[in-house]
Each structure stands twice: as structure tokens, then as C-alpha cells.
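Here's what TrEMBL has on this protein:
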- 43-65: transmembrane segment (TRANSMEM)
- 45-540: domain 'Amino acid permease/ SLC12A' (DOMAIN)
- 71-98: transmembrane segment (TRANSMEM)
- 119-143: transmembrane segment (TRANSMEM)
- 163-186: transmembrane segment (TRANSMEM)
- 193-214: transmembrane segment (TRANSMEM)
- 269-289: transmembrane segment (TRANSMEM)
- 310-333: transmembrane segment (TRANSMEM)
- 353-378: transmembrane segment (TRANSMEM)
- 399-416: transmembrane segment (TRANSMEM)
- 422-444: transmembrane segment (TRANSMEM)
- 456-475: transmembrane segment (TRANSMEM)
- 481-500: transmembrane segment (TRANSMEM)
- 552-697: domain 'SLC12A transporter C-terminal' (DOMAIN)
Amino acid sequence: LPPRQDGLMRTPLLHYRLSASVNESELRSPPAGPRQRQKLSTFFGVVIPTLLSMFSVVVFLRIGFVVGQSGLYQAIAMFLVAYLIISMTVLSVCAISTNGALDAGGAYYMISRALGPEFGGSIGLMFFLANVCGSALYVLGLVEAIVGSFGMPEGQFGVLPSGYWWSLLYGTAITLLCLLVCLVGAHIYAKATFIIFLVVMFVLGTIFVSFFAVRPQTITLPTSATRNPTMNATGPVAPTTANFTGFKLDTLLGNLQADYTVDYTTGTMMSFATVFAVMFNGCTGIMAGSNMSGDLKSPSSSIPRGTITAVIFTFIIYNLLSVLIACSCDRVLLQKDYSFLTDINIWHPFVTIGVYSSTLSAAMSNLIGASRILYALARDDLFGKALSPAKRTSQSGNPWVSVLISWFLVQLVLFSGKLNTIASIVTIFFLLVYAAVDLACLALEWASAPNFRPTFRYFTWHTCVLGIVGCAIMMFLINAIYASASIAFMLLLLLLIHYLSPTSSWGYISQALIFHQVRKYLLMLDVRKDHVKFWRPQILLMVSNPRSSVGLITFINDIKKSGLYVLGHVQLGDLNTLPSDPLQSQYDSWLSLVDHLNIKAFVNLTLADSVRHGVQHLLFISGLGGMRPNTLILGFYDDCLPKDRLVDPSQDSGELGDGKVLGAQEYVAIIADAMKMLKNVVLARYFNNFDRTQVLSPPSSSPWKGAVYVDVWPVNLLRPDSCSYVDTCSLFLLQLACILNMVRGWKKATLRLFLCVEEGRSVRGSEEKLGQLLKELRIKARIYPVPWDQQVALHWQRQESDDDYVNSFPSNTMHLSDDYLSAVNKLILDQARPPPAVRFLYLPRPPADTRRYTSYLHQLELLTRDLGPTLLIHGVTPVITTDL
């Protein structure tokens, strides 16, 4: 395509525009669908699923274990600590969920929209797997409970056949029941869980009543508990009975302190950490309501209210049960019979029904939660086409394909039979998700973004940090190896998504955090504390047409030495005559150029009535605080036609035309302006065809065997009467050459320093003096003395024959003949064996008389003609020191 008048690019490669606009009609009315699906209220959508997930089987089978091992004091302390940890996460969930509209995906949606697709995708996939494995866990737990009661031959009733394949069959049947409920939709799921909720609440009621209604009795302990001796082989064996004493002070006093013993189900010695880990597993269901966010009428209000209600209710129930148990059951009963609540209930099957019901609801909750997370992942296209089938929904909006995929994976997990190992991993995955939610809330709070203003305000960054630390401690307390492996797995997924997924339009919290920190540190960067020891080039490179400046842009990226690098562009125009700012639409194209060339640069565009005024604008306003350009780089003003270097290399690169928008007089005036503003100036010539890869990797078959050279001429060649190489400009030139030599790709290059000498002067003395200077400056270079008597003679001959020459004003340039300049140009070319990759030459100041600007530019053109990539450099500030 032909170039645009503003010099910007047209190719699709450099145009990645994201549409952020929303049609007003879309805001006024919801999208039309086949049928509006029914939404759930706070109670049915959040409170019930969260309550049932947090109760599960812990309330029926593990509450006595916790009190029996740790005592009432430590049991209450454990619940306080556990609920403190999960409460911090609940506060974060409430804050994020009340900061904007929530969609399907629950915790995944919160994390991905806050921390970006990488964190969201990796955590979302792990959360999905955790829900799948959690559903399988609860199904297997229910199967074991059924076989324990009805299996042959050890079951209480002995009517069902037992064995691996029979257990798999029972598990498959239960999973199919969960699948049918979830396939019908969230509304039927809510009704099913409500029925289960009523059953569980009724059973809980019978348990509380039983403590008061049932008389004291002696209970026979399970045979598995009596096989393990409480002491060594010569001591007494374990008791076979224990007592339900009713409310007695002696019983309470005997259960206050901790008494850790061997767990009769696993044979391992218990401790505070192991008991705490078991108890904490029952507190990790706080996301069950959040997972239903896409099915709620008002998720922003339902999630905070429902989750907090469920957490407070379960905390009260757990502590009440702990106190009642400690007052009425002796220590042996609590330590040797985990199902004692069945034995002391007013009707024994009630507790068994409660176990079955809570486990079934937890299995369903995990299955439907997994399907919603998978649906949200698929809809966001983070994993490409791999999850595209999971986007399909029924007419009522139920993601039935996601439900089927989740059910299939649950069925696969059931084949493992025993999931004691995966149980720990599932809990760790859940904790990792909770920590990520806390991290998301913390990042939003620390970023201080004006749009983060949740209606729920009962949180601070301190609660987020406590939640993260608490979750991390619990992860490593449960299993340090699995915790480390889970974090490594998350980081691996994060990297994969970062490099493989498309760019999202959700916004990145990292950008807000970076802005917050950069602003803080920029305010601390005091220009009054600048020191020459820590000087670095901060470059403003003026680019007329980026298509023809690719070689120069990439080369200058190498000499910035971690400094500021700004690409500047001036567009001619007057805002008074334009309907809008034409630069806004071009900015994204320039940023795409920066990404395409893989350089670290900023972009500054300006609109001005002339290029000179535009450059002045950019020199005045570019940068911020202590990060402002100190060096201006311009392309050389000559007649070389620019060529398009962004087209396909296999095609012929077409010429872009002259494209000059300024004259020679204005060009030199820009150089003079920059020096008046105490900016270093660099003119770059013959970089049109510069290819960094070819320059740094010359063919080994060449006569110089792949060597790379950088030539440096630190003498002002336009002043033959001055041979000084220790002025500010020469030292600046040496500094830039040294910086280039420090860059990774240019480290193999050899610096060649050419010392111009005349007859009658000590060549050896000058060379030794320059060598000593280079040693003090820690610059490694080869010194080559170059006699230039013949060239200087041409100059003085012209001076003697030119009667009109009068040096009536201070200037760093002289009235030089074309013959002299051509001779110096030939001298430079003659030293190029082998030819260098780039040359560094001394740039004198422009003459004070503006009438001589054209002559000054002509002298520079003759001096650098056919030299290849060349930098003419003028430094105005000291940049090198020999001090430590």
C-alpha cells in the first residue's frame, strides 16, 4: 500500500484495534434469547449450597474426633483460627462481588477480571479440577457409607454385594443421579438441595435434642478401634466400651485439655496440625454460592449476604456441638468411635440419613460448580478451540455440554477407587483459589484505582494479607509437598496461558499496580541529585516515516543502556482547522510498531505548524520528572530515497518517495535549538539498509572471518587546527561507543580508535597519552595513528588563496574547501579494512551565522559521503568520570 501523508503505516500487522464501545440499545435492553431462564434468590442460590458444602460430613463424623483429640479449649481455638482464615477470604469475595456486575464462573470470574487472564485461567482450571475431584470424593464417601451399612458381609444389614466393581457401580449410579439433576438446570438443583437442606437441618435438630433427651448409656466401640493398644504390648489393651454420661461437670473437666493419641482409622499419631487439617477440610465450602453467580438474580448482593450468613451459622453450630459433646461424652468415646452421634441419637438412622444427604448435596454442588467454571473458561476462549464445545447451552441457558464434560471427568476419577491422596490435593487447590481471591482484592486495593469502589466496605488490605498468609500456612500444614507441586502447576499454567492465549479486553491489574508504583518512584527521582557517575543516555529519536526507519530504530535501541527511549513524530497541522485530534487514532499503530520490532521504547506524537516547533515541543515536554531525554537523534538530511522495510522480505520493497517536509535551513536550526537546550545531538546517516542480524553475524567465509568492528574518530575533522580528543564532545562520543560495546550482541565487536597526527608531533607520545586516558576510563579499544598532513595541507592552501575569508564570529566550523572534505572522506574510507559495522564521528556545533547553515550541512554531507552507517555526535554535558 502507498504510504499515508502522515508517514504512518497501513499494514494489518501494525493495527490491533480493540472495540470498547457499547451500543446504547444493548445497555437499554437485555439480549433477546429463546427463553429467559429462571434466576435464584439469595437463600436458594447462595445460603443453602454454602451451608451444605461447609457442613458436609464433618459435622456428623469428625466433630467428636476434633474435641476428643484436641480438647474443648483447643477445638474452639481451631474453629476461631479456621474461621478467621476463611472470613478474610469471604470479605475479599464480598468486596469484589459488590464492585460490578458478576457473570458465570464465580471465583474464576472474580480472579480473571481482577488479575488478568493468566492468573484467572490457571486458577480457574485448577478450581475446575478441584470441584471435579471433590465431587468424586463425596460420591466415594457416600458409597463407602452405604456399603458400610448395607454391604455384605460386614455391613449392619448385609443386603448389598461389595467389592471394587460393585462400589464403582454404586458410585456411577449416584453420579448419574447428580447428572440428571444438573442437566435439568440450576432451578431443579436448587429445589433438590433445598429438600436435602431440610433433611440435614432436621437431623441436626435431632442431634441437639438427643443430648438432652437420651439417658446416659454405655456404648460398644467399633472392633477396628479396639484392635489397637493404647500402650505397649505388655500394657493393657484398649477398652471395648465407652460412656455417654449426659451433662456432667466431671465429663467437661476431662475434655477441656488436649490428649492426642493414635487415630484408629489410619494408625498415625495425631497432633495439633493434623487435627486442624482434618477439621479445616470441613470449612472450605465458602465458594459454593459464588460458583452459582451466573444463575443468581442479583449476584452482587446475594453473594455477600448469603456467604456471610452461611459462615456465621456454621460457626455457631460447630461451637455449640463442641460444647455439648465435651459436656456429655467421655474422652474414650470421642477418640474411639467417630460415629457416636448415631449411637446417642433418639433414632439411630437419623444421623445416617444426614450423612447420606449432606454427602449427596456436596457431590451435586461440586458437579454443578465445576460445570459453571468450565463454561466460563470456554466462553473466555483462554484455551482456544479445545473448550469451544463447552460453550453450548440449552434454551433456558443451562450449559449442558459443560455438565456432561464435568460428569465424565468425575466418572473417570471414580475409577481410582480410593482418594485419600487426592483429598489433600483438592483441599490445597481450594485454598490456592481462596488465596488468589485475596490477592485479587489486595491488588485492587493497592492499585488505588478510582473505579474500585465496592459497596461492601468491611475490608482492608490487612484482611487480604491475613487471608493470603492463612491460606498459604494451611496449604503447607496439610501437605507441604502437594502445596509446592500445586503452586508449580499453577505457575506452569500461567506461563502457558500468557504465551498462548489471545490478548483480553478485561484490563490488567498489573498495569494499575505498575502505574501506582512508577508514580511513587518518579516523585522520588530528584534531578537535583543527578551525578555524572550514574549518567545514562535518555534518547528522543525523531522518526518521520517508521517504514523507512526500522534499521535506525533497532540500532538506537542498543545504545540506550537501560535509559529512556522515546520515538518522536511531528505531524504538521493546526488543531483549529481540524474536527478532532488526528494523533489519537495513530497512537495504537505506533505502539504496535514498538511491539513488532521488540524494542523498549515510548511513543510521543505532537501536532505543530512546523517540524522545528514540533521538535521543540517534544524536547520540552517528553518524559516526566527525572526521566527526560538528554539526547536528540535525527536522521541525516540528504537525498536518499526512503524504502519500506516493513513489507514481506520476499517482496520487492518499494520506494516511499521523497517525503521531505522541512528544508535544510530548518533542519540545521533544529540541531542548534537542541544544543541551546543543552541536549546532546546525534545525526544518523546510511541506516536505511541497516540490518542488525546481518551486521552482527557476518559470514565466516569472509576474509575477516566474521569479525565486527566499530570505528571511532574522536577529533573534530572540520577543525584541522584543533587535534584535541579530550573535550566534552569527544568524551561523549567515546562513551556512546563504549555503551554500544557493552550490549550483549555487540560485545564481540572491536572498537578501533583513530588518532589523527601530523608530522613534527610525537606519534608515540600522543598514542601513549590516549591509551592512558582509555585505561582510566575503562574503555577497551585499539588505537590506530593516522597521518593526515596531506589533507591538512589542502585546507591551508585554500585559506591562503581565499582573501574573502574572515573569521568574524565564534564557530566550531571553518571555511573549508570541498577538496579538503573529500580528502578527509577518502582518508576515513582508506582506514576501513575490514569495513566497520558503524562509524562514530565528531559533530561540530552549527555556525552562529544562520546564513551559513546550508554550507554547514553541505560540509557534513561531503565528510560522510558513502561511509556506510555513521553517527555524527555532539555532546554538551560531561558523561564520563574516573572517580569511583
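Including glycine, each Cβ sits where the backbone N, Cα and C put it.
Taking residue pairs at least 6 apart in sequence, the transmembrane segment (456-475) and the transmembrane segment (71-98) share three or more C-beta contacts under 8 angstroms. At the 8 Å Cβ threshold, with sequence separation of at least 6, the transmembrane segment (481-500) comes into contact with the transmembrane segment (119-143) through 3 or more pairs. Contact counts against the transmembrane segment (193-214), taken as Cβ pairs under 8 Å, peak for 353-378 among the stretches 163-186, 310-333, 353-378. Listed as Cβ neighbours of the transmembrane segment (163-186) (distance under 8 Å, sequence separation of 6 or more from its ends, same chain) are residues 37-38, 40, 45, 135-136, 139-140, 142-144, 146-147, 192, 292, 295, 360, 363-364, 367-368, 371, 394, 396, 398, 400, 403-404, 407, 410-411, 414-415, 417.
Summarised as a single figure, the pLDDT of the domain 'SLC12A transporter C-terminal' (552-697) averages 87.
Of the two recorded stretches, the transmembrane segment (269-289) does not lie close to the transmembrane segment (399-416), with fewer than three CB pairs under 8 Å once pairs fewer than 6 apart in sequence are set aside. The transmembrane segment (422-444) shares the most Cβ pairs under 8 Å with 119-143, out of the stretches 119-143, 353-378, 399-416.
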